[in-house]
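Undergrad: Annotation source TrEMBL lists region 'DNA-binding and helicase activity, interacts with RecC' at 1-863. Feature annotation from TrEMBL assigns domain 'UvrD-like helicase ATP-binding' to 1-479. What TrEMBL records for Ala20, Ser21, Ala22, Gly23, Thr24, Gly25, Lys26, Thr27 is ATP binding site. Per TrEMBL, the feature domain 'UvrD-like helicase C-terminal' maps to 504-771. The feature region 'Nuclease activity, interacts with RecD and RecA' is assigned by TrEMBL to 926-1202. The Mg(2+) binding site annotation in TrEMBL covers His988, Asp1105, Asp1118. Marked as active site, for nuclease activity by TrEMBL: Asp1118.
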Amino acid sequence: MAQTLNPLTLPLAHTNLIEASAGTGKTWNIAALFLRLVLLPLPQHSQPLSVDKILVVTFTKAATAELKTRLRARLDEALSALHRTENAFRQPENLREHCGDDFLFQLLQQALAAESDPNTAQARVMLRLKAAIGDFDNAAVYTIHSFCQRVLQDFAFLCGVPFDIELDEQSGKDELLIAAQDFWRTQIAQDIDFAELLYHRTSPKKQVDALHNFVARPYLTLRESDVGKDLSAAKRDFQAAWQRVSTQIAQIGETFWQIHPNLNGVSFNEKTFRKKFDFLNEVAGSRVTAQTLWENLQNSKGESPFSADFIASKIKKGKEIATDKIHEIAQLDDLANACIRLIEKEESTLVWLNHQLLQHLRQHQQRHKQRSPIRHFDDLLLDVYHALHHNPQHAAALSENMAHNWQVALIDEFQDTDPLQYAIFRSAFAHNRIPLFLVGDPKQAIYSFRGADIFAYLQAAEDASANNIYTLSTNRRSHAKLINSISALFSRENPFVLPEIAYQTVDASREHSHLLPQGNALTVRWLNRQQNQDDDKDNAAKLEKRAASYCASEIAQMLNQSAAGSLKLKGEPLRADQIAVLVRARKDGVLVQRELKKRHIQSVLLSRDSIFAEPEAEALAALLDFFIQPQRTAMLRFLLAGCLFEYTAEEILQLNQHETELLKWIDSAQSCLNVWLEHGIYAAIQQFVSRHGVETRLLTQGNERTLTNLHQLMELLAQEDEQSHSPTSLRQWLGQHIAATRDKESAGEHILRLESDENLVKIVTMHASKGLQYPIVFCPFAWKASGSRNVPEWQIVHHAHQAALIHKNQLNQDDKEMGERERLSEDLRLMYVACTRAEEQLHLYMASYDSSDRSAFAYLLGAQDVAKQPENYWAAWQQFVQEKQSSQTDMLLIDHNQNRVEHHFEPPPHRSDFQAAVFQPRRYQFVRHTSFTGLSKQNQRLAEQAEAARAELLPTLDNVEQIAHQPSEQGNSIHHFPQGTSTGLCWHSILEQGDFSQPASQQIALIDEKLAHYGFDPETWRESVAQMFDRVRQMPLFAQHNLAQSLPENHIMEWGFLLHTDDFKVQAVRDWFSQPHLGLSPEIAQAAQGLNFYDVQGFINGFVDLFYHSNEMTAVVDYKSHYLGDTAQAYHKHALNHAIAEHHYYLQALIYAIAAARYLQSRHALPETIAVRFVFLRGLDGTSMHSVWQWDIATQDLAQWL
């Protein structure tokens, strides 16, 4: 018999199981135990424990954060009580006044009494509490995964893992897929029978999707499946049988129709058998699968109708059929049997191959972890488990070290554990006689879809001594009549099917409801008591809509009563946010939300779903596609028809017919892409939604949910954009997360966010509601049964607490019955969680439909036999309520269809005083991905804007056309070569692809090809360009030698770089260029003071035409095709300085030098100087450095950017 827990007297030893029913203060008691461990020593210990020695484990990040807050608050409360009490040791009554509860008072008394000196007792206890609070950042409060990660980090050697483990929060399915593909190549492709079997049935991806959740569960046993030479034999038998029948099918059919008049017309329906023989004649002689043939041969009962015995049994009375004719037709039965044997052998082989794949995936995972420090969440648990159980050399030492590191362990939400986790806690703590407290409630074990295993909890209960099992006996959430009414619902024998899970009755901390008028504590509202004979039987879809509508109407009525002052909670009018609607799935919540909206009631839909499963994610994916490729207007149409714009088909058609309007959208996308590259994705999307009025439209239409989702997705994209994603890779990242939601991956940190803190009805999935509470709870879909009658491909079934992974084709009757018991048990536990969320009132909706016999409440009433019959199921509920109704309960059964009135919420008129909101800037920095070209364009654009502003203040001047210096059109020297972008591209291409070790005369083909490609006449310009090429290769560019003499390994053509910087600020750049010792001309130094671009916090990319590095020199070379005059003399030093200053090429030089220095620094080869050489190609003479702008930059001057 379980004992009632008292945290003050609970023995701090052994393994203890604490069952905390809903609302009984589980977290309060954990905090109480924690405080006791901080203040009082364990048996055999002289001093209490420090906070880092008390291990507290729970199962989610959110629960961990909340638990840490509660533990810290309890320490603060104890310290505050002592701080406000003078002489607490000698004046306990003063201490009692400042303690919030008796437990704290008694604990502090014990802590004070334990001190040796009464005069210093209070000071010493306060010092201990201050130390605990001061060291609380080191408190050992973890999720199960972070706990295992800590073990692996602290004891890497004993665990046999790398010291530098890195956590990858993705699922790891991509790695498993690679392993599965390897398995197919090595095991499947080499065997023709296996390859043929799997080719049309599955794929590596499908197999990984089906099996990946089981890879990290080594405790799952597999049921053996036959395979081997029998598959080939079964195939041969089938092929032989089909060949025999195929050649005789016409004769067999003729014989069948001869005897058909003498056969029973029901068993041998003419229309049905005409189809069978037509099919056989059609496929005769062709290749057909056994499955296809069997589907055609079998009758409605799944049997062969062509056996001799079956035909003989169906001969009409008084008729006879010759035996030889029956045996002739029975050849089809031989074929049917061959089909069945092959199908069975194929199915067993398929199961065997899946088993082999699962073992392969596990082995691959182990091998991969030996080579790589990367770990996924499941790997953390597996590594610790294997270290404790499959590492004989270090397992004992690891267990002892863990026990020494954490001298008490408190495991919260233990009902959500699995055998792997329990084995870790048992090996590390129970086996070392460390006090272990397992806190949970088996009645609230509802997360099997996440891998939780209730049977692990039941095993722990079996392992624990009867003297170490405790319960919490007082419900502090609800009033007495509601508690007793819910207890009545679960009052049958084995209310949770599994006999090991009992319903623990609890006392109430208060007698009466806080609602006025109180109303009924528990109301059961019936949806379809009477079935109209003229209508089809109510199906689930109809009942779901009806339940949502009725629920919304009831809520409207309550809110109307509240608005009229006739319904109050704790003396105040009931608010919408004090009402919760609990639903099984999000789609049910959408139905309720829609019905509430019809009645002018705002609501919020909360679930554990991922934001990437929402339609706004698809819309943003389309928007990113449109940004990246504006010409793909299909993406625009998808976007406009979606949730952000909701264009009708007619509006889309109008857009298609107006090219001008379409071009405006394309121009908008191109503009946003530029913003994306300059300022990051958040700014780009914000510009788009602002320009096109998305936010205004959504708010006007009341689509606050869509707006919230949009902003949450924008923030997630902004966070990821900070990781240096290119537009394409960021789009791929978004697509991967959207795809992961289809695979039902965990939502993790991407759970949907609450759209506002306003007064909204809460719509919550039952799974997400666990741990929460609401004054009034509606469960409009309580009548539904969980799951479907379809058996999943793989099923975990427990026999004697041992979990087995069984394929659906392997299930025997015992397996199916146990699987159904486990499904029903979890459904009942889910209903318990839903019912116990209510503080004041609970409203359940009931109905009868074709799966009612599988529902939780049909089981609780013992009414499975009549649950599909509305009148009889209603009668069972009537009888149940009458039997359970007493002075201790308060239940009401209502036929919702009788005298039903439709209600709409009519909010009272009110006046609100508005004031301007204070803008809270978002915390995201605009991550820029830019280049020298981008920065120089910013400088030009900002200068033009400033010039335009000045022009407005000055008198208007005559427009003067500035005539550029154009080269003479006479001649074909390099000085007369046309100017423009094509020239630069052409020359750069020749210099990039040319071979400097060979003269231009040997590369005429390349020169001609490039000239023609860029639109220049090779005959006219071949000679001058060849001369230019030779001058480049011959000039003394690198001190002692030229490009013709340079070794290929010493230079790189078109060297690309990507610089990350957080501090490339325009003012810092100006200040840097103002340093006299840099050796720049006054004109360039002055130009640098006029630089004006946005500070770069992100990335600068670029390409250096030629990067040279040797022992003697490091240089960055850039080719310039600029025209400065008609002769080489025009390219003198002052002209080059002027061009450099005018086009801000000094900034390009700085960026290139930083890139080169960073690259060489990473290779431990940082030179003292970076030589910058900007080669003005038109002015070269080939013998000197004439027409080359030169600047040598000391790398020590670049230190602030290195």
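The backbone N, Cα and C atoms fix where each Cβ goes, glycine too.
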Undergrad: Please name which of the binding-site residues listed here, His988, Asp1105, Asp1118, is nearest in space to Gly25 (ATP binding site), Cα against Cα.
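TA: If we rank His988, Asp1105, Asp1118 by Cα distance to Gly25 (ATP binding site), first place goes to Asp1105.
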Undergrad: Going by DSSP, give the three-state secondary structure for Asp1105 (Mg(2+) binding site).
TA: strand
Undergrad: How many Å lie between the Cα of Gly23 (ATP binding site) and the Cα of Asp1105 (Mg(2+) binding site)?
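TA: Cα-Cα, rounded: 71 Å.
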Undergrad: Pop the Cα-Cα gap between Asp1105 (Mg(2+) binding site) and Ser21 (ATP binding site) into the table, whole Å please.
TA: 72
Undergrad: Measure from the CA atom of Asp1105 (Mg(2+) binding site) to the CA atom of Thr24 (ATP binding site) and give the result in Å, rounded to a whole number.
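TA: Per the Cα atoms, Thr24 (ATP binding site) and Asp1105 (Mg(2+) binding site) stand 73 Å apart.
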Undergrad: Can you tell me how far the Cα of Asp1105 (Mg(2+) binding site) sits from the Cα of Ala20 (ATP binding site), in Å?
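TA: Pair distance, Cα basis, whole Å: 71 Å.
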Undergrad: What same-chain residues, at least 6 away in sequence, bring their CB to under 8 Å of the CB of His988 (Mg(2+) binding site)?
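TA: Looking at Cβ-Cβ distances below 8 Å from His988 (Mg(2+) binding site), excluding near sequence neighbours, one finds Asp1105, Tyr1119, Ser1121.
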Undergrad: I'm trying to understand the geometry here, so how far is the Cα atom of Ala20 (ATP binding site) from the Cα atom of Asp1118 (Mg(2+) binding site), in Å to the nearest whole number?
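TA: With distance taken Cα to Cα, Asp1118 (Mg(2+) binding site) is 74 Å from Ala20 (ATP binding site).
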Undergrad: Given the recorded Mg(2+) site (His988, Asp1105, Asp1118), which additional residues of the same chain have their Cβ within 8 Å of the Cβ centre, ordered by sequence?
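TA: Here the non-site neighbours turn out to be Leu991, Glu992, Glu1054, Phe1103, Val1104, Leu1106, Val1117, Tyr1119, Lys1120, Val1175.
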Undergrad: Using an 8 Å cut-off from the Cβ centroid of Ala20, Ser21, Ala22, Gly23, Thr24, Gly25, Lys26, Thr27, can you name the remaining same-chain residues around the ATP site, in sequence order?
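TA: Neighbours within 8 Å of the Cβ centroid, excluding Ala20, Ser21, Ala22, Gly23, Thr24, Gly25, Lys26, Thr27: Asn29, Asp441, Leu472, Asn475, Arg476, Arg477.
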Undergrad: Would you mind giving the whole-number mean pLDDT across the region 'DNA-binding and helicase activity, interacts with RecC' (1-863)?
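TA: Taking every residue of the region 'DNA-binding and helicase activity, interacts with RecC' (1-863) together, the mean pLDDT is 90.
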Undergrad: Going along the chain, which residues six or more apart from Lys26 (ATP binding site) have their CB under 8 A from its CB?
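TA: Listed in sequence order, they are Ile18, Ala20, Asp412, Val439, Asp441, Leu472.
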Undergrad: Can you count the other CB atoms that lie within 10 A of the CB of Gly23 (ATP binding site)?
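TA: Around the Cβ of Gly23 (ATP binding site), 21 other Cβ atoms lie within 10 Å.
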